[in-house]
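Below: the structure, in C-alpha cells.
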Amino acid sequence: MENDQFLQKQHFLILGLAKSGYAAASILHEKGIYVAVNDQKPFEENEPAQKLSEKGIEVVCGEHPVSLFDQHQITILIKNPGIPYENIMVQEAEKRGIPVWTEIELAYYLTSAKFIGITGSNGKTTTTTLIYEMLKADSQKALIAGNIGTVASEVAYHADGDEWIVTELSSFQLMGTHAFRPEISLILNVFDAHLDYHHTRENYEKAKQKVYLHQTASDKAIVNQDDETVVRLAEAGKAEIVPFSVSKTLEQGAYVKDSMIMFNGEAILPLEEVVLPGAHNLENILAAIAVVKTAGASNEAVKKVLTSFTGVKHRLQYVTTVNGRKFYNDSKATNILATSKALSAFDKPVILLAGGLDRGNGFDDLKPYMKHVKAVLTFGQTAPKLEKLGNELGIQHVKRVDNVEQAVSAAFALSNEGDVILLSPACASWDQFKTFEERGDMFIDAVHMLK
C-alpha cells in the first residue's frame, strides 16, 4: 500500500522501448500514474511507440530532448538496462538528482510477492530455471521473471502476495535498483564481464552486490564459498548467510561429500543420479538447492527435478547427432568463462564455432581448455583474434567464415564420426544478431539442414 502511494505521486519518463520499457509504460498508465516515453527509433518505424501512443501515452521518438524533464515534471527515469549511463537523458537525470531505475525496481514497488534474486557472471539462467522447477515440484506458488525473458514488472503486477518471483538479474538491471530487496538472494560467481559497460571491475562488483545490499536480518543470502569476491560482497549485507561449495565440505548449506549431494548434513541424492550434463553445472545445482531448501522445499522435490532436468535451450544444449557427429548449442556462452566450462565438459575431439562482438578483451584464458579442440571456425568481429589463438595453439584447422550457417557446414566438412561440433562463441551476439537466442536458433536450423 505504501509503495503504491509512492508510485501514484511520481511522474515517470521511460527511456528505451524494448520489452521492459513497453511493459513499464503500459502498467503505469493502466494504474493512472503519470508516464511519458522517449525512444531513439523514429516513430513511423516504431510499433511499440505507436501502440503506446494509441493508449494516450505521450511518446517522443527519434531524438533525446532533455526538455522532457521540465515539460513533464519528471521525478523518476526508468531506463532500458542496455542503455549506457553516458546517454544524454541519463546524464541529465543524474545532474538533476532524479533517480534512475530499471524496471526491476518498478517490479519491487508493484507487488507484495516474495522475490528470489539470482545473479552472477555465469550460470544464472540454468540456476534460475532449476529453482523455479524445484519450487513447482514442491507445490509452492512460483513465477519466473527477469533477464530470463519474462518482464519482471509484468510478472510482479499480476503476482499474488504468497507467490515467489524467481528473478534472473543482470548487472545492468541491478545497477538501476535502489530499494529492491529479495527475501532470498544469490550471487553465483563474479569475474571480469561487461567491462565495456561498467568500465571497471569495481563498478561491476558494486552492481552485482546490490542483490545483497538492501536485505535485512530476516532475509537469506546464498553465498558461494568457492568465490572470494562473492564472500566479500556478501559481508556488506545484513542477511543471514547460507553457504554452498563445490570444493569444500561444509557444516551447513549445500555441498558434496563422498559423491553425495548434501544440505545441512543431510544426504539428498547421489551425484550419479543427476542428469544435467557438464561438471560446471554442479555449482548451479548446489546454489539452487541452497535457495529452495531455504525456501522450505522438500528433498523429494529437489530429487524429482535433478533426476529429470537436462538443461536450458542455448546453454550447452544437445541438438542432435548427424552421421555420428554430436552437435551442441551453447550460444548463451557470451564470455570466456562460459566457453571454458563448455570445453571442459567434453573429452572427445571438439570442433569449436566461436566469435561475435569485440569488447576489447583477448582470448588467451581459453588456451588451457583447448586441448581437445581439433578445429576452430571463427566469425564476427572477434574472428581475427580467435584465428590468432587457434594458430598459436597449432590447431590443424583454423578457418574464418562469414556467419554461423557457414561455420556449421565448414565444421561438418572437417569432422569425423565421434566428433563434437560445439557452438560456444565466447562473445556477445550483438555484432550480427539481436540476441544470443537468435544466434542459437540459426545454429540449430543450420544443423538440421545437414540431415
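Using N, Cα and C of the backbone, Cβ positions are placed for all residues, glycine too.
The ATP binding site feature in Swiss-Prot is assigned to GLY120, SER121, ASN122, GLY123, LYS124, THR125, THR126. Following the DSSP three-state reduction, the secondary structure of ASN122 (ATP binding site) is coil.
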Counting across all protein chains, other CB atoms within 10 angstroms of the CB of LYS124 (ATP binding site) number 25
C-beta crowding around THR125 (ATP binding site), within 10 angstroms
21
With an 8 Å cut-off on Cβ distance to the GLY120, SER121, ASN122, GLY123, LYS124, THR125, THR126 Cβ center, who else from the chain surrounds the ATP site?
ILE118, THR127, LEU188, ASN189, ASN284
Taking SER121, ASN122 as the binding-site residues to compare, which has the smallest set of other Cβ atoms within 10 Å?
SER121
With Cβ-Cβ distance below 8 Å and at least 6 positions apart along the chain, what are the contacts of THR126 (ATP binding site)? List them in sequence order.
LEU276, ASN281, ASN284, GLY311, VAL312, ARG315
Report the same-chain neighbours of GLY123 (ATP binding site): residues 6+ apart in sequence with Cβ closer than 8 Å to its Cβ, ordered by sequence.
LEU188, ASN189, HIS280, ASN281, GLU283, ASN284, ALA287
What count of other C-beta atoms do you get within 10 angstroms of the C-beta of GLY120 (ATP binding site), across all chains shown?
26
